[in-house]
Structure formats: structure tokens, C-alpha cells
Amino acid sequence: MSGGFLCGCLMPYLHGLLKVAATAGLSRCSRKTGGVRRGFFWDLPHVRAQSRKTMAKSKFEYVRNFEADDTCLQNCWVVVRLDGRNFHKFADQHGFKKPNDERALQLMSKCALTVMEELNDIVIAYGQSDEYSFVFKRKSNWFKRRASKFISHVVSQFSSSFVFYWQDYFKDQALLFPPGFDGRVVLYPSNQNLRDYLSWRQADCHINNLYNTTFWALVQQGGLSNSEAEEKLKGTLAGEKNDILFLEFNINYNNEPEIYRKGTVLIWHKIEETIDKRITTPDAPEGKNVVVKRTRNKLLPFHMDVIGDKFWEEHSQILADS
Ligand SMILES: Nc1nc2c(ncn2[C@@H]2O[C@H](COP(=O)(O)OP(=O)(O)OP(=O)(O)O)[C@@H](O)[C@H]2O)c(=O)[nH]1
Ligand SMILES: [Mg+2]
């Protein structure tokens with residue numbers, strides 16, 4: 001390439017580029033960064049995005065080191081529990097039935113199903129009231145086991161589903177304001193720890209539900225004020241609450257719906273199904289319908305005891321976690 005060509009063709013082109021850069025405000029940018037190169041046209045956002053892979057790291061790259069390492073310990077069960085924020089108020093303002101609103105519980109489980117279908121590696125979920133727990137496989141390497149990824153994906157997927165599916169469950173009740181959920185990660189190193197965790201949540205469901213069922217029977221059917229009912233139940237044991245329900249209101253607590261007493265367990269099940277499939281064969285090149293059998297994993301809800309051994313014996317694949 002001759003010097004004349006450089007001056008004649010390339011210089012006006014470079015001069016043009018510099019003018020464009022100056023118009024885009026990059027001269028100021030270059031003063032700020034103290035270097036000529038950093039303020040040049042490759043600092044335009046689209047150029048920066050393209051060149052990130054090929055260019056050396058910027059001097060700002062060090063800020064990455066401020067991020068905390070939140071990798072979940074290997075070989076532990078990763079449990080994410082979320083809980084509705086201020087659902088006492090939310091339930092009141094949206095006319096939830098007391099003590100249990102079937103629509104609300106079904107909506108919560110629909111959201112949990114969506115979370116399990118959309119995200120990887122969740123083997124079991126358990127929910128009651130305004131909370132849901134999700135258990136990721138011990139060996140999960142989803143997002144390199146980063147706690148922040150586990151929490152944020154579960155909570156955001158659940159929250160958006162809650163709003164998305166609201167009207168399917170609350171036909172005559174508009175969603176009045178955006179609900180929120182908090183989330184946390186807890187690691188459990190042994191199968192027994194995980195079972196005890198789920199037992200704890202189910203025992204909590206039982207204790208609260210027995211209290212609430214008795215409390216609202218006293219108020220709604222017994223005509224007591226809230227504070228009178230509270231006073232009457234102060235210090236009572238489970239047996240005494242059962243007696244109040246049975247003797248005063250003819251309610252056998254054991255006959256209350258299982259979804260209220262036990263909460264909801266979601267697990268994967270292998271199901272066999274038959275589907276119609278269209279295939280072409282040498283004798284039917286135009287295609288024909290055949291019935292095909294296949295097995296697939298489907299999520300199913302249960303309202304059963306997870307404290308005893310029976311559930312874990314019948315669903316041994318959950319803890320096997322190969
Ligand atoms: N009426 C009614 N209320 C419910 C139902 N499910 C949950 N709730 C309400 O949601 C609350 C859940 O308890 P918490 O999570 O401890 O209370 P919260 O108000 O959500 O407070 P934070 O979680 O601390 O923000 C219950 O106390 C009820 O007031 C339901 O089916 N019916
Ligand atoms: Mg709550």
C-alpha cells in the first residue's frame with residue numbers, strides 16, 4: 001500500500017471515525033478514563049459487547065472479586081423455602097376463607113408445580129399455608145450450586161406464577177396489589193436431616209391448623225370474640241383442642257380435609273400413557289395412525305404423612321438421588 005493511498009483514502013476515513021466518536025461524547029469519556037484507547041469507538045456499547053470475548057479484561061474487572069462465593073456445600077440437600085410476605089394482610093384484603101382457603105392452597109401448589117417443571121433438579125416440594133419448600137438433588141450442579149441462583153430463580157418463578165395464575169383460582173376476586181415472597185437456602189448433609197426438616201414443616205402445619213380450626217370454630221360457630229377464643233385456647237394441649245372441636249362443634253378433626261391437616265407434597269411419578277402417533281411405513285407411505293405406549297415423569301400432588309417411614313419406603317427413589 002503506498003503512502004499516497006494512506007493519505008488519500010485512509011486518513012479521511014480515520015478522521016471521519018474520530019469525528020463520529022467525538023459526536024458520541026467519547027472525548028469526555030476518554031478524559032475520564034485517562035487513556036486514549038478506552039475512550040475510543042470500541043467503547044460504544046455494541047462494540048464493547050462484541051469485543052468482550054477477544055479483548056483483554058478492562059481495569060474494572062477487579063470489582064468481580066467483591067462478589068461473595070455462595071457455592072452450596074457439595075453432597076448436601078439444597079432446600080429453598082419461600083414464604084409469603086405479610087400474608088396475614090394479603091389474606092384479609094383478598095377475602096381468604098378462614099382458617100383455610102382452598103383456592104389459595106391450590107394456587108400455591110400450581111405455582112410450585114410450575115417451579116418444579118421449569119427449574120432443574122428439584123426432587124420434592126412441600127407446601128402449607130403461605131410457604132413452600134423445594135428440595136434440590138444432593139448432586140445437583142445447577143448454576144454451579146450458587147445459593148443466590150437457587151433462591152432467586154425459585155422465588156421469581158413462583159411469584160410470577162402466582163400473579164399469572166391468580167384469576168384461574170380466584171375467579172371473582174381481583175388481585176389488588178402485587179404479592180411478594182421471601183426466600184432462603186438451607187443445606188442438609190444427611191437424609192435424616194432432610195426428613196427431619198420436612199417433618200418439622202408438616203408438624204408446623206398440623207399445630208397451626210389444629211389451633212386455627214379450633215379458634216375459628218369458637219369464633220364463627222361458638223360466637224366468641226377473637227380475644228375470648230384466644231383466651232380459651234391459651235395453654236391447651238392438642239387433645240383438649242380435639243375435645244373442644246368434637247364436644248362443642250361435633251367436628252372430628254381427623255375428618256378435616258387432608259390438604260389442611262397435612263399440607264401438600266409434590267413428587268415426580270413415572271406414568272404409563274398411550275398416545276396416537278402418525279407414522280409412515282413402506283406399506284403406508286402416505287402415513288397411518290398407530291397407538292404408542294410410553295412412560296414419562298409427571299408431577300403429582302399428595303396430602304400424606306411424611307413424618308413416618310411409609311412415605312419414604314413407598315417413594316425410595318427420592319432419597320436414592322443417583
Ligand atoms: N384466612 C386465611 N389466611 C391464610 C391462609 N393461608 C395463609 N394465611 C395467612 O398467612 C399467614 C401466614 O403466616 P406468616 O407467614 O407467619 O405471616 P405473614 O403475615 O405472612 O408474615 P411474614 O411471613 O413474616 O411476612 C397466616 O397467619 C394467615 O394469616 C388461608 O388459607 N386462609
Ligand atoms: Mg408469610
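Using the three backbone atoms N, Cα and C, a Cβ is placed for every residue, glycine included.
Keep in mind that TrEMBL annotations are predicted by a computer and have not been checked by a curator.
Worth saying up front: this structure is predicted, and the values here are computed from it rather than measured.
Same-site candidate for Mg(2+) 1 binding, as annotated by TrEMBL with Asp83, Gly84, chosen from Asp130, Asp168, Asp172: Asp130. If you average pLDDT over the domain 'Thg1 C-terminal' (192-307) in this model, you get 96. Classification of Asn86 (GTP binding site) by DSSP places it in coil, neither helical nor stranded. Close contacts with ligand 2, defined as a Cβ under 6 Å from any of its atoms, occur at Asp83, Phe87 among the binding-site residues Asp83, Phe87, His88, Ser129. Counting other C-beta atoms within 10 Å of each candidate's C-beta, the binding-site residues Asn86, Ser129 are led by Ser129.
Remark: Gly84 (Mg(2+) 1 binding site) has Phe90, Asp130, Glu131, Pro179, Gly180, Phe181 as non-local neighbours, by Cβ distance under 8 Å and separation of at least 6 in sequence. Long-range Cβ proximity for Phe87 (GTP binding site), meaning a same-chain Cβ under 8 A and a gap of 6 or more residues, is found for Ser129, Asp130, Pro179.
Summary for the binding-site residues Arg85, His88: the Cβ-based neighbour count within 10 Å is maximal at Arg85.
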